[in-house]
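Below is one structure; the comments refer to it alone.
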Amino acid sequence: MSRSSPRALPPGALPRPLPAAPAAVQRALLPPWPRRAGRRWPASPLGMKVFRRKALVLCAGYALLLVLTMLNLLDYKWHKEPLQQCNPDGPLGAAVGAAGAGWGRPGSPPAAPPRAHSRMDPRTPYRPPAAGVGAVPAAAAGSAGAAASLGNATRGTRGGGDKRQLVYVFTTWRSGSSFFGELFNQNPEVFFLYEPVWHVWQKLYPGDAVSLQGAARDMLSALYRCDLSVFQLYSPAGSGGRNLTTLGIFGAATNKVVCSSPLCPAYRKEVVGLVDDRVCKKCPPQRLARFEEECRKYRTLVIKGVRVFDVAVLAPLLKDPALDLKVIHLVRDPRAVASSRIRSRHGLIRESLQVVRSRDPRAHRMPFLEAAGHKLGAKKEGMGGPADYHALGAMEVICNSMAKTLQTALQPPDWLQGHYLVVRYEDLVGDPVKTLRRVYDFVGLLVSPEMEQFALNMTSGSGSSSKPFVVSARNATQAANAWRTALTFQQIKQVEEFCYQPMAVLGYERVNSPEEVKDLSKTLLRKPRL
């Protein structure tokens, strides 16, 4: 047998395996990895292994993100959409209440009288207990016990009705609304909130002013029911959301309820006087649930806002039979508003941009304002720059919205009759006590000597207005007429062009010459039509 021929194997025997080739030979024998245009592929099995690991990690990350998203949605639905509450006024609610508390059952023990400040579901509107249903007669409880059970709910109010009185101070920026709001913030019988819709505008920025009106109304609807958890929906990113406290609410550092006992020992609610925000910021933060409990103790709830542009936006709230809402429309000479906006233009630049975005692009504009806004080389800090342009441009939207509101008020629908009051800032600073009494009578509050003295002190001080966002005692005459020396005649005519309709209704006379503007002995106030 030749040496080159293979040796025959016995029957049933397996051939002996050949020795393994070196790794370099194996790689050389492998076919080249397929390549596609525009796509890189691993050049070796080791690269393929790394590629597969990266793909697995990426898929696992996407799966984890999907799971976390679903858990977040379930957590939101669990906390923000509780079980449907049974309507106590409906047939089913009455039946459940009778079965649970024994009302109306023969031989059952009488129900205990409700506590004056018991915690209730924040989404349930304030409803006083009906006479004869689960309530102990006053004769049985005694007059002293009945008065003690009411507590602060009826103190200092006119009439003593059972329904909670709700008030919305409807105004715009730089109209003296901070001072006007203090007339309610300082009242011991009032729960006051300072511009809560600010949270909506900040969260939904850069939405224009008109598109945010519905969200603003929804927030007010919740707040008037003492559902303060609505602040969590619009809390800033990274602020904790569900862990938001009282000090995270806009304007809380000067709120008398937040800074007074029992929430904070720094002040006493019954003592009239401005709150120092530096002191209030040191108060311990309180949970919103605790703030809600304080809200339900007050029979009068007042919200001041500048971000609702038309009273018709509030129509659903005014029509709601569960809410006894009244609107106080605080107005000011639009020329004074424009002057104050220019002076504080950099502090309001964000809001001015949101308002300017709501302008009608078909509206006529006077050429000098457009030139001022796009002036080449204009400095941000100088007059005639972009900040001035937005400050004056916002007046167009503000005055158009004011004209719609005043037109509605001149021919009020049923939902507005008896629920609307116009207050001019010039009348407030000219005769603060008379205006205070008129406002308090409208909302059913009693005027105390301390509040009268507070109003007088705030309008007869000598403080400077160099800080436009700080409430302080100032000279009323200087504050009302400052625009006549601060604005140019062209700026005055621009504002009058935008605002001639509301000016005519509210009794603000237009000027014809620069000399007439500078003549401070001549009043430009006339009797308003409202």
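Each residue, glycine too, has its Cβ placed from N, Cα and C.
Model, not experiment: these values are computed from the prediction.
The feature 3'-phosphoadenylyl sulfate binding site is assigned by Swiss-Prot to 173-179, 332-340. Among the features that Swiss-Prot reports, N-linked glycosylation site is placed at Asn243, Asn457, Asn475. Feature annotation from Swiss-Prot assigns region 'Disordered' to 1-20, 97-128. Sequence annotations record features per position, and here Swiss-Prot assigns topological domain 'Lumenal' to 76-530 based on sequence analysis.
Positions of the features from Swiss-Prot, shown on the structure.
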residue : record                                  : CB count, 10 Å
Trp173  : 3'-phosphoadenylyl sulfate binding site : 21
Ser175  : 3'-phosphoadenylyl sulfate binding site : 22
Ser177  : 3'-phosphoadenylyl sulfate binding site : 21
Phe179  : 3'-phosphoadenylyl sulfate binding site : 22
Asn243  : N-linked glycosylation site             : 12
Asp333  : 3'-phosphoadenylyl sulfate binding site : 25
Arg335  : 3'-phosphoadenylyl sulfate binding site : 26
Val337  : 3'-phosphoadenylyl sulfate binding site : 27
Ser339  : 3'-phosphoadenylyl sulfate binding site : 22
Asn457  : N-linked glycosylation site             : 14
Predicted model, mean pLDDT over the topological domain 'Lumenal' (76-530): 78
Between Asn457 (N-linked glycosylation site) and Val337 (3'-phosphoadenylyl sulfate binding site): CA-CA distance (Å): 23
Cα-proximity to Asn457 (N-linked glycosylation site), 10 Å cut-off, over recorded positions Trp173, Asn243, Asp333, Arg335, Ser339: none
Cα-to-Cα gap, Arg335 (3'-phosphoadenylyl sulfate binding site) vs Asn243 (N-linked glycosylation site), nearest whole Å: 43
Assigned conformation of Asn243 (N-linked glycosylation site) - DSSP reduced to three states: helix
DSSP three-state assignment for Ser339 (3'-phosphoadenylyl sulfate binding site): helix
